[in-house]
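Asker: Copying in the features that Swiss-Prot gives for the protein in this structure:
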- 83-101: compositional bias 'Low complexity' (COMPBIAS)
- 83-152: region 'Disordered' (REGION)
- 111-152: compositional bias 'Basic and acidic residues' (COMPBIAS)
- 116-179: domain 'bZIP' (DOMAIN)
- 122-140: region 'Basic motif' (REGION)
- 184-211: region 'Disordered' (REGION)
- 190-200: compositional bias 'Low complexity' (COMPBIAS)
- 201-211: compositional bias 'Basic and acidic residues' (COMPBIAS)
């Protein structure tokens, strides 16, 4: 059943439709006028108006929608607020700028009228303290240099001892090998003599057997 037939069936039975619309809480007072308008529009081939006040998406007002330009403006306004600018400056200064070391104050020349005895006494104490500091630093550097010289000299002595011990070990090794080699030659000579005597005894025994 198409839409035209459904509307015509509802329009013909208005007495039954009216209490149903009232029981459902239909927002319009006159249900027959809605049905009549819908039926006339459907029969004429016109586009139906929305009877319940529901607007299509295209006809909705676009004031509440965020367009790209409005979004950019909103972000600019948020960035321009004092709280965000303060937090951004604090964060940027905390992460980007390195921590500066405390710089020394520029020396300001003291006028002649202020150079009294207390000033000269303070200058003398400062000069004495600076001299003591220089002397202590120089003494410490001299101690380090003398200690390094003593360690280098001890290192050279130890290297000389190591080389002399290596030479002595080489000489002892040579003497050990030279003592082992004559003993081996004597053992070989004794073995040769024993083999010769055995051969001579064997030849004598053979000659006696032949006689």
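Just so it is clear, glycine is given a Cβ too, placed from its N, Cα and C backbone atoms.
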Asker: With DSSP as the yardstick, break the compositional bias 'Basic and acidic residues' (111-152) down into helix, strand and coil residue counts.
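Answerer: Helix (H, G, I), strand (E, B), coil: 39 helix, 0 strand, 3 coil.
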Asker: Across the region 'Basic motif' (122-140), what does the mean pLDDT come to, as a whole number?
Answerer: 94
Asker: Near the region 'Basic motif' (122-140), which residues from the same chain, at least 6 beyond its ends, have a CB less than 8 A from one of its CBs?
Answerer: none
